[in-house]
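Per TrEMBL, the features are:
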- 1-19: signal peptide (SIGNAL)
- 64, 340, 381, 382, 457: Zn(2+) binding site (BINDING)
- 64, 175, 177, 335, 344: Mg(2+) binding site (BINDING)
- 114: active site, phosphoserine intermediate (ACT_SITE)
């Protein structure tokens, strides 16, 4: 222990005595910062003319559990993966011109869960934790509180308006976030009928997998995991034959995938379950796509089989190209769902790599669309009790040690820590010495203050990044359920259409101007 502390102190002294700062030489010059700030000022001034077009397309990127500390740490990781110190790097979402904060509490919870929050940012109403697509009048796990308390989502509003709609997630497709787009369920864990109590089944409630295919039967693009919830009990999985835990689990004997295939075979529908099948498709010739790539959740990006498992970016590219076939536009929900799982497991490296991958998908979506007619929003459902600190030096590995030891137990510690979770470990009655273990491993569980088998969500506000038509309306500190109302208003769907019919948005003015020009020319010719 004394040797470790001595080495740490010596390395810091050597760095200081060398006279070489741990940052670029040009940053010593005030002109560097002034010129950068002036460029940023010009960018800000150029955005004073607000985009008041009507949004033809809507994209919501949802980083599950991507609180502000996760955004910052992912930014540093992205830079370090590109050989930079990291702090000065820009995420794709950082480039969005408008940023606000959303309050994430559920109607019955100060620190929320992903089901109640999904109902807020998809259906426009706050809800109780554990429920999806239902108002706060519904009670978790009580089937008889479902009927009459259903609330519809912006995905449904877009579909009803003639747009194509899609869902892409790295979790199972019937997980909390995606399910709020199409399901009405008093328990987020009712993935299939085998997960439901007898009284709920007898009460007429449907499992979430079944609702995916029945509530909005023509969702144009669906991609994620969750195969086993779609197949009859004990039916072997196509990718993992003989692995019992991945067998089908449905007690009703239904094969929901085959039913979908039979229904869509004459409508340009395609079902795929691996990357090769997905990338072999010609998106311009596809009307409907169902892609289920794993029995449960997709693997972490760090553990992904790149030859058989599609990345989030690859799924998003195919999804957008299919949805763009509709001249009326589209709504797309994209979830980086395993950011949340990494944090729950105390595996910060997994979580942050998931966040960086979602940022790649955001960048790809930017290349495929235009801010002229596409409103893109990036946000999170909630945060986590994840943090990083310890007075780390510029360019310090985001997964590295703080440049100091504890003045209480004289042991080193990593910059990344959790408030609670599975990383709490005692060795000989004292905190584990992290210098004796591989703390930069993919599955290292960062130390936590309170021992829990699963780390918890955080209750602070989350960031909302937006760009495109009427993105400026997402400003200030707002309730989370405000998000779909703005998106619907921008696209003239749902209950927000009157302003479009009256020519209240700038996007309609060119249309009326063109009509006036045509009439004028016609009169002159006549």
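Heads up, the Cβ atoms here are built off N, Cα and C, so glycines get one too.
TrEMBL entries are annotated by machine, without manual review.
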Residue 175 (Mg(2+) binding site) sits from residue 340 (Zn(2+) binding site) (Cα to Cα, rounded, in Å) at a distance of 12
Below 8 Å Cβ to Cβ and six or more residues apart, same chain only. Which residues does that give for residue 175 (Mg(2+) binding site)? 114, 169, 188, 224, 226, 297, 337
Could you tally the C-beta atoms, other than its own, that fall within 10 angstroms of the C-beta of residue 335 (Mg(2+) binding site)? 29
CB neighbours of residue 381 (Zn(2+) binding site) within 10 A? 31
Just how many other Cβ atoms lie inside 10 Å of the Cβ on residue 340 (Zn(2+) binding site)? 29
Between residue 457 (Zn(2+) binding site) and residue 344 (Mg(2+) binding site): CA-CA distance (Å): 8
How long is the line from the C-alpha of residue 382 (Zn(2+) binding site) to the C-alpha of residue 177 (Mg(2+) binding site), rounded to the nearest angstrom? 11
Have a look at the binding-site residues 64, 381, 457 and say which one has the shortest Cα distance to residue 335 (Mg(2+) binding site). 64
